[in-house]
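Comments concern the structure below.
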Amino acid sequence: MSREAAGCSERNEELGISQAEPEKDIPIEKADEGGDATAVAQEPAGPPYSIFTEAQKRWIVFLATIAAFFSPFSSTIYLPALLPVQKDLGISSTEVNLSLTTYLIFQAIAPTFTGELSDSLGRRPVYLISMTIYVGACVGLALQKSLVALLLLRMLQSSGSSGTIAIGFGSIADISTSAERGKYVGMMNAFPLSSPALGPVIGGAIAERAGWRWIFWFLVIFSAVAVALMALGLPETNRKIVGNGSIPPSRLNRAPLQKLVNPLSRDPPEGVEVRKRTKRDLIPNPFRSVLIMFNKDVSVILFVMSLYYAAFYAVNASLPKLFSNIYGYNDLEIGLCYFSFGVGAILASVANGKIIDRDFRIVAETEGITVDRKNMTDMAKFPLERARLRSVWYSMVVYIVAIVPYGWALQYGAHVAVPLVLLFIQGFTAICVVNTVSIFLVDLYPAAPATATASGNLSRCMFGALSTSVVDIMLDNLGIGWTFTFWGLICIICFPFLHWDRHYGYKSRIARYEALIKKQGAEKRRPEQTNA
């Protein structure tokens, strides 16, 4: 086979078009430019989308949940240690706050590398590499004695932990169809969303009784147990490597307890194909995540999610200062206030997953499409925009109704129960919005779900970092009430954008897919003309 033909064959595999079916119209599985993809249509008589049993899927989601927990938890458990670290290292408050800033920056950037790498190299090896880096960084943080070491190790800690969320979404996309994906995303997000409530309380208790260094030793022990569980029993799920789970992975991707987790056949069943790993797969391309952001239909939903996430961050970042000044609460009492927000977020993660799956079924029935939980519905012809955005409007409206009076309740010193109830409502509705858009994003790029999730993470973290940097200035100049009224008005801006995507996003998505098919066809004809 010539080099040109080989290159065309590899591109066909990335697009999900086999050599035996050169004229097959949509399905796209992956494209080079930004990882554009859609689900491959499957006939009901074909192989199941995933051979993993429900118990095995729950085990995979459980491990993904534990891994995803460390990124937000490491940020919040560290907050009570800021003052002790400042005194122990003899640095200023500005310098110790840099350890928060650097963590957030790498929390946004790192997943663009790990997400892309896990889509090509496999979920399991990237999980283990990331978590091992995280454990090593925590050991260093427990032992370091200088500002430079603190900042460098916080960067490393963030790099190791932050990519696990994107990989987790990728793992869920590997094992679940669009009809059941909401349920598993809800399971995975429930535990990480408890970190704003658990982190400050646990961190404050450890710092007070054992010293701030033991916060990092606690993370070392916790994460080492997680690494051991993943090393022994996490199966590879990447569909390019194991197909629907029936293809034996290479030694690099094989768990020692693989046979106990899922017995694999020696040969793939008919209709299941995998792509051979190439040298290019070993080099992550972070620009794929960035390119995804510039597709019109995707940029709209990312903008909506990011604005709500910015408001979400503004509330969380300002809570300690406001509750300390208004109600005279200490660090432990402030940490307990986060429980209100955290409980709402956890409940939303579970409940919203079921709502998302229900909406998918309702729209499918309306369109006369049979939903098969064992086989993937053809997303190229499915009105994803109407299905995924069907119920999110309610959460968007209720969030605005909660955040505006939250600010005025604090400004006029209302009974603490009032802002706490409003925090619960905000936690519930904000997570409904973020989770819905995250699942929608994975549906748009099922062949590169971790890369797509990393794109969403980059967008919302940039907006979140911006909101945390300006919220104190806004509070000082606008006052509490008008500050959160401003964030409510910002959220209202999202409605026309979401309306556009729900009614016109489908056409934009199909146009993007057709352009990719045309480009792929032109590149395929080029070597034929050269040979002629």
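Just so you know, glycine gets a Cβ as well, placed from its N, Cα and C.
Under the heading domain 'Major facilitator superfamily (MFS) profile', TrEMBL lists 60-503. Among the features that TrEMBL reports, region 'Disordered' is placed at 1-29. Residues or ranges marked as transmembrane segment by TrEMBL: 59-81, 126-153, 214-234, 298-320, 332-351, 391-408, 420-445, 481-500.
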Distant-in-sequence neighbours of the transmembrane segment (332-351), which means Cβ under 8 A and at least six residues beyond its ends = 76, 80, 185-187, 189-190, 193-201, 204-205, 315-316, 319-320, 323-324, 420-421, 423-432, 435
Return yes if the transmembrane segment (481-500) and the transmembrane segment (391-408) have at least 3 CB pairs under 8 Å (sequence gap of 6 or more), otherwise no.
-> yes
Hey, would you say the transmembrane segment (214-234) packs against the transmembrane segment (59-81), going by three or more CB pairs under 8 A that are 6+ residues apart?
-> yes
